[in-house]
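Chemist: Can you keep this structure in mind? I'll have questions shortly.
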């Protein structure tokens, strides 16, 4: 029996409709909350979920899958868990946790998820980047060779940092770790103002982990007053935020910094501080019933920090020659650098700047212990003139500390020992610097050159700061610019005469 044209047409229509019935059909995998509390939700039914995938709870709160077990999935909640109840639906998003990145982020304050919290509206043009990505491989990297100037005499002369380096700031609470980090951000202002191309500009990302809101507010005010917020991004996971957000914040900040690194630009990222991130991760791990190890930290706490800090790198010329410099901060308890987290991070980084309470109270600020501080790769990036000027100063300081310990017994000292003590006292005085007053590198070179060459030896210690202020204001700008290259014999004569003449006025 043949179908009429009308019936055949209808049959074809039905067949095509049935064939395309599932074409635009969206299937969501959903699960149900079994238990919830302390920022952790156990969810049943998400069998296909990936590790690190973002999920959405019924009340709109987001979470991330961390524990994949036989029956349940352990999910950390990015927000308050009070509105989540047993039996609530949980939906997979199918995407790994990502955050916004790009130049639109500059000048903004965001939370660990990249959501603006500064009350200045939504973000404009930006791209999304995953918070967890693999660090650049060996062939994609280049050795550190460009200086990253902090504006601090003690750092730029004795523990220099290069673009792409990881330099740890370690010390007890209230020793000036955050101040060094902020000074470094402020110093980029004058470097960026002189930059002639994008490849010279340095962008900054500051990640505040577990700090008080008032402290973060003061930091924002300091950066705004110095017009430093225009090239900076602030990521804040304060003490009142849940542990999962404090754990996530450094990775979010790193993803924002990687945007600049991967596009041939330079960025500096400060993690303040990673001790609090480790504590937040310990809290999450124990609540997820992971077995505790040393100091109750989970076994993978080393990997927590190593996978983060390995993402700071200097890229090769073939991959854009960008860089990401990391300054992680670690807080020690009573100066114990041999604790678990400090030793972990020391072994990951390319050097450390050690700050001590005793030096801080003695008025040596920044309170850097030059003997314990080291920069493993920074000397390759140090300016030639600075290297020439301060080459012997570290050795002289070490000799001074050794001799000063014996000199306090009051025995008679010969002329050579007395000269060493005089020089050492001045070399200890010169690196002192007030808070939020970074010094351009060429002015630093002149000040240190004067101290190393003995122009301050007969000067009272309390006049050294006056001498320092008098130097830069009277030096020809051409000479300051020339000092950036290196000190030839011809160039040395002009500063020598000038510095001696200034010193004689203050003796």
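Placed from the backbone N, Cα and C atoms, the Cβ positions cover glycine too.
What Swiss-Prot records for this protein is below:
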type: BINDING; residues: 171, 172, 173, 174, 175, 176, 177, 178; note: ATP binding site
type: SITE; residues: 373; note: site 'Required for activity'
Chemist: Can you tell me the CA-to-CA distance separating residue 172 (ATP binding site) and residue 373 (site 'Required for activity'), as a whole number of Å?
Modeler: 15
Chemist: Please report the distance from the Cα of residue 176 (ATP binding site) to the Cα of residue 373 (site 'Required for activity'), rounded to the nearest angstrom.
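Modeler: Roughly 15 Å, rounded to the nearest whole number.
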Chemist: Of these binding-site residues, 173, 177, which scores lowest on Cβ atoms within 10 Å?
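Modeler: Among the binding-site residues 173, 177, the sparsest Cβ neighbourhood within 10 Å belongs to 173.
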Chemist: For the recorded ATP site formed by 171, 172, 173, 174, 175, 176, 177, 178, name the remaining residues of the chain with Cβ within 8 Å of the site's Cβ center, in chain order.
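Modeler: Surrounding the site, in chain order, are 331, 355, 357, 360, 367.
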Chemist: Could you measure between residue 174 (ATP binding site) and residue 373 (site 'Required for activity') for me? Cα positions, answer in whole angstrom.
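Modeler: The Cα atom of residue 174 (ATP binding site) is 18 Å away from the Cα atom of residue 373 (site 'Required for activity').
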Chemist: Would you mind listing, in sequence order, the residues at least six apart from residue 171 (ATP binding site) in the same chain with a Cβ closer than 8 Å to its Cβ?
Modeler: 177, 331, 332, 335, 354, 355, 356, 357, 367
Chemist: At the level of the C-alpha atoms, what whole-angstrom distance separates residue 178 (ATP binding site) and residue 373 (site 'Required for activity')?
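Modeler: For residue 178 (ATP binding site) versus residue 373 (site 'Required for activity'), the Cα atoms are 17 Å apart.
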Chemist: Pick the one among the recorded positions 174, 175, 178, 373 whose Cβ has the fewest other Cβ atoms within 10 Å in this structure.
Modeler: 174
Chemist: Under a three-state reduction of DSSP output, how is residue 171 (ATP binding site) classified: helix, strand, or coil?
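Modeler: In the DSSP reduction, residue 171 (ATP binding site) maps to strand.
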Chemist: Between the Cα atoms of residue 373 (site 'Required for activity') and residue 175 (ATP binding site), find the distance and write it as a whole number of Å.
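Modeler: So the Cα of residue 175 (ATP binding site) lies 15 Å away from that of residue 373 (site 'Required for activity').
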